[in-house]
Every structure is written in structure tokens, then in C-alpha cells.
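J.: One structure, pasted below without further comment.
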């Protein structure tokens, strides 16, 4: 198909190139954070290694049209396939201060509705090394003789790390090895997975009493330093022992002040004594001083187990526990149990009767019960039996059993629960036994079996209980295994009424009320049911629908009621642009329809259908028009940015397709609006306001792009020239049909430097993009390179050093430099590392501009890092001293034998006038311009003025031929 290229602002047809550009999503994960290394393991799995506490940055690069949406998820860890509940919907995943539990497999899922989603993954391996823990254990043999000579000591060193740590044992300054003499053995216990090493000192000798050090190392992975712990072993080394000043169970009264002494009786070195409380933290009204625990004005909530633990890492920790009980009583209840043998449920003369009494107390077993009849103490007899622990009831429940009930046994019985001799108030409960004492019945009042209320209002469910005494009522849900609104499975009321505030539709259902078996008869519960119906407004579909049609076509709008209570449409009211529409009456259904006979300008707009079920109103909203849908920008254009740094301008290839072009009338043209997103003024970056109409009119360039042909999937193209480096621009694109303007689409286009690919091409990095072409700061150096231009540099910067602008001479152009001012000191290094390049040629040429101006200039070095079994850095070029206030270019040939990176190393000189800068870095295949080093082109060392060739530049495992061209 013929290609017609559009020129910016030129009114010529848009380029139509190819069909079917809709493509499924594809994804690739790259890293941009503080990774130690990204490698492929033995099963071709990508592994991202990072140090705990560093920042994880993973970017999911996607292609596909329309633009795919990205979602990040992760598995819970290496041992689980369960996904975490949260997801990140962004192309970049960033985790600050990553922790070890955040390691695992991360998935990037990209989907755009075309084909199947693309899923890529990478395993994040978080590296860490904790402080080691050293414990000492000892055994004594049965051999007679000197006690210390027959003692065997085990020094156990344990550490948590990833990767597994390497252990080094030292006695004083001497490094110990396995079986270096008959008295030393080093081994790894079973089931420790390399995290524990034991140093065994057999048949302890006098020379074994010394200082021992356990040093752990992860071989400097991710720059993690080694750690160590030391212990002085003597002939008095012993595990801790303790004694308490109180018994293991301590009962106190509320309000008391108590002190518990936990004393050390042994241990060398001196153990550390720690108090803890379970199941809750230590109370706020407590104080620990040494081994003494004091609690002032103790509360019931302070009850629990208090643990005194002594630790000196010798043997096992010594531990003593005190069960502290604070006396309390609450919830006194009674039960009336008719004759169980005769299976009676009522009180009858001549049958047995049992009255029971229980109180919840601490300590439970210290409660005493006293029974009274008509105000006088009840005395045991052949017919009156009193037990303190009824085996048929909860522990420490007192029962009074009346054998062969007689009329004279009628009366008022009182049960009193007491802590004798303690200042705790007694609790009592009264039971009346007479001919009027009858078991309960329960029923629902007339007209109350079904309760109907509106959502959000108050509901009251009621059950009536008759009988004497009246027991509490227990409410629960019947048709749903769900808790009550209070959050508990049951709810107790004493008046038979269940009160529910602000009810919701989820509370609808059947509720059961039943009599409790306490504070009344201990018989089968009586039950009744109450139905609760919650009325709520209708739920309709669609809540919003965007309908597009060509001019003159008809459309039918339907608003459907999905659910509601009651489930019927009482009224349906239609409005157009807020004005009421008159419709003929229709049969009562679960939907309402409106037909628009012809979509024209006068019938285009907002249609609203309000459906009511006499409880509430819900609305369907329809937007009807003949407007065209929005364009869909194409983000996969290869190399859309074309630039020349010397001119500080660039061009951008803008491509797009039209969403559903056949839904409306043909698209005639596009309105294109372009405006800069930011500008530089007075050395500061100013954002253009999206809401500033005046600013938009003044800075926006508008043009129209005619369209000759339009089909779904056709790719349209327009070239935007003369854009200013490094500004970004907002582009707005609006389709126009015979109906008028359609939906606008907008995007930001940015000037992007070419990011060096794994296979080097002839790319030049101008550092105009914040991504600086994939270069990274070295985490192991002293300070960082800085990206700046003439407008962002510090106005208080040191004079007489550093470049005024970049190589292009414009204020907007960026470069990389090192700042020699404080806190930098002589010899500090800043290293800038390129991406990793694969070998695709034998020779390469590194070209760049440098600026070395100032009387304290240090050195600028170029190194090549070759990736093999380990990284090898070789210096291939170096320059030192003041080179004048100008940019100069150098070409350095290299022939690396394997995958490589280039490193720019700036070294701070003797003082602060020593800023060094670089710009326009190019890596290309082939030889450099062949101009050998002349006497006036050699590297000059500072201070002597004698031209010197750096021999170190030519040394190393690589062979390099160095030709330097200064110009």
C-alpha cells in the first residue's frame, strides 16, 4: 500500500500503513533498582539478587495494541504457590527497604483483550546476614579424676543468612580447623541446613580456656560484611540458675502492691534476667529492676503467667514461672432441675428437686457456697443434701438436692458465693420454690412473626416468655451460618427483645429465640422463630452505558431491575438531558424500555431511567450520541524518536488506530493539538497547568489531519518535527465526523535516549533522559556521578572548575559530572557502570567527550569489566590534571573476550576545584579512528608537566591497543 508521510502542521492525508495491527500483549521484565546481580540459574530461570534493605525496582516492558494493562503479583515465597492478596497495577514495581519475607517469585501479567495475556516472572532472592548467636553446652564424663580435665564443651554458633554462611572458628588469633589436634572437632549438626557449626573441645585441657570467636561470612555477596561473636571460656563457665521468692502460684487481691524477687544463684558469665508476661504484654503498672518485678494496684486483667528467664548463652536458659491469680467473682447463676430419674420437666410434690448455684471466680476452687432457706442457714438432713462439686454440672458448682419434695419445702432459697477471709464482696442469687414455680413457655406475639423494615432503619424482634422464674433468651440465626450483628454467634437478652440498629440487607433471614438453661429451669430449651425482611431499593443494570450510533439510526434503551425488596417495578421515569419524558403506560415488568427512533443532534445526549419499588429509586444512565470513539495510540513504534543533539531538536513518529470506526459515521479528519509539558525559566523547571486555558492557547499548536480511508486495525501515522530537546509534549488527538468532534485521546511523548541494548550498536548516549541509557551508579564506590545541565546546576557551585554547558553549548543540554566539593576528600571515587553487552564483534570503539578544568583536577579512568566466572576490571584509559575549560573527545579501542561493561571512574583530586564531566558516550563496533598518541597528546600527570603514558592502562588479562585522539 502506498505510504504518504505527514509533515507536522501540513494538511495532507495521514499515513495508512498495513492492517491488523491489533496484537496480543507481550511482556519482558527488566530491573532498574539496587540489584546485586541478575542471572540465569541452571534451569534457565531469571534470578534477581538484592540485599535486604535495598530498593527493588522491576519494570514490565510491554508491547501489544491496544496498550496492555499491567498487573504485578507474587507468590508467598519459595515454599508456597499461594498468591498474596494485594496486586500492583503499574508497569513499574517498586519496593523500598525490601525485607527477606518479600523474596519469592514475582509475576508480571499484561493483557489488552487481544489473545491470551502475557505472563512473565522473575525470582527475587533477598540476601542477608544476621548477627550470629553463640551458645555453650557442656557434659561431664564418668571418668574419675580432675573435674575440669574430664569436661567436654560444645560451642554452638548459629546464624540466619542467605546464601548459607561460611563459618570460621578462632581461638584467640589462631584459626581452628577440623581435627587439627585430638582435642578439637568441628562439625555441622544434622537438620540445620548449613546454618549451624559446632566447635567441640574434647576432654577439656588447660589451654582450652581461652577466647573463642565465631566468624560468619556470605563471601561479601551484595557487599554484606562478615560478622562475628566472641566468648571467653574459663574454668568457672556455668549455665544460669534461679530461685523465686514466692510459690509457683500466687493469689492476690485487687488493689494490692506486689513484688516478686527472681534471684540468680549461679551462672558465668553473669546472666541477663528478663521478665515477660503471657498471654499479654507486661502491664503498664509494673516495673522491673534487676530481677525484681513490682506491680502496683494490681487489676484482675493483670492475671496470667509471669516468666523470669536468665540467659548467658551457656547451657539452656533458666526459667521460673509464677501463675499470678487476682481474686475475682462475677456472673452468679442458678438452675432448677426437676426429678431427672422420672424425666419430669416441672416441680411436683413427692418428687426430687435439685437447686444449683455457680459463680465464675478466680481462683475457682477457692470459692465457698452457703445455702439459706427463708433467711436461715439450710441444714443438711436425710432429705436435704448439699454438695460443693456437682459432677453433673460445671466444676465448683454447688447443689442442694431436696428428696421427696413436700409442701413444707416451699420457700425462698438463697445461695451465697464467698472468698472467705478475702476483701472480695460476696455474690448471691435467690430462688423461690412454690406451686407457682413453673417451667417456661415461649411464643412470638401476634403480628410479630414477620418483621419488615427498610434498610438502614431500626428493627426489634420479640419473643414472649411465660413461667416463673423467667430465664434469659438466647438469639441466633437459623438459615445462615453467620454471626449475629454483634459479631458473636449468639446474643442474650433478658426482656426477650432483640434490638438491631441500622439494619442491612445481609441481616434478612430467620432468627431463633430459645430459653436459657440457667437462671431458670434446667430442661430442654423452648424455641420460637421470627422472620426478618429488609426492604431495599432496586439494583439496576446498566448503571451506565455509552451507546454510539450513526446519524439517523434507531436505538432501544432498556433499564433492568436485577434485585430489590420488594422485587417489582412500581414506577419508571425517563428523562432526557434532565427533562421529563412522557411515555404511554406499560405492563408491570422487571424492566423499562425507551426507543430512540433516530439518532440526530437533537436526540443525542443523556438519557436517565429512574426505577422505584416504593422503597427507593435507582437509576440507569445512557449516553447516546453519534460521536466517534477515541483513537488508540500505538506505543510499539520502533525508534519513534529521531534527533541530532547539535541542533537540540528531535522528531517523533506518532502512530494510532481508531477504536470501533464502524460504530458511527466515517471519520473525516483528526484535530491534533501539541503543547510542551514543561519549560525551563530562571534555572527552574515549570510544569504547564492542565487547567490553565490561557497558557494552553498560547503554547498549543493545532492542526487538522484529513483521512481518506478508515478501517478497524489500520495504523495511521503522523510525524512531529522540530520538537525541543529534552522537552516532553502533551499530544491530544480528536476524531471528527459529520456529527462533530468525537472522544479525545491524549498521551505524553518524551525525548528518549537510545538505551544500549545487550548487543552494542552505534548508539550515542547524550544523557538527556533520566534513565541515562541504562548506566548505573556503582554501589561500592564513595559517591555518585550527577546528571545536570546549566539550568539545574547549583548556583553556588565552585567557580573555575566544571563545564558551563554540555557539548552542544545549550543551557538545556545534560551531561554527567562529579562534584569535588565537601564532603569529598582526596582519592574518593565515583563509578558509572554501563549495561552488560554481549559480544557480537571482535573490536569495539568507545568514544566520549570529557571536560577536566580546575587546578585540583584528579583523574578520569575508563575501565572494562569482563563477565566470566567472576568480574574482572581492567583499566584501558586514564587522564589526569587540568585540561582547560573546553570539551575534548577521545576514542578508545577495546577487544573484550566475553560479555562486558564499560566503567567511567572519576577520582577526586587534592582540593575542591576538581569537577570532571563526560558527555556523548558512543560504543560502536569496529576500529577507532587510527591516530596514534603523539608527544602533545599523552596523558599528563598533575604537577610535573612531563607527558607520561600510563602503563597500567595496557596491563591485565585483556590485550588492548590504545589509540587516543584528543581534539
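Yeah, the Cβs are placed from backbone N, Cα and C, and that goes for glycine too.
A TrEMBL annotation is a machine prediction, not a hand-curated record.
Sharing the feature lines straight out of TrEMBL:
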DOMAIN    24-123  domain 'Ig-like'
DOMAIN    132-230  domain 'Ig-like'
DOMAIN    240-323  domain 'Ig-like'
DOMAIN    338-432  domain 'Ig-like'
DOMAIN    440-531  domain 'Ig-like'
DOMAIN    537-625  domain 'Ig-like'
DOMAIN    763-930  domain 'MAM'
SIGNAL    1-18  signal peptide
J.: Among 240-323, 338-432, 537-625, which stretch has the highest count of C-beta pairs below 8 Å with the domain 'Ig-like' (440-531)?
T.: 338-432
J.: Ranking 240-323, 338-432, 537-625 by Cβ pairs under 8 Å to the domain 'Ig-like' (132-230), which is first?
T.: 240-323
J.: In this predicted model, what is the average pLDDT of the domain 'Ig-like' (24-123)?
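T.: A mean pLDDT of 80 is what the model gives the domain 'Ig-like' (24-123).
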J.: Reported in the order helix, strand, coil, what are the DSSP residue counts of the domain 'Ig-like' (440-531)?
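T.: Per-class counts: 3 helix, 44 strand, 45 coil.
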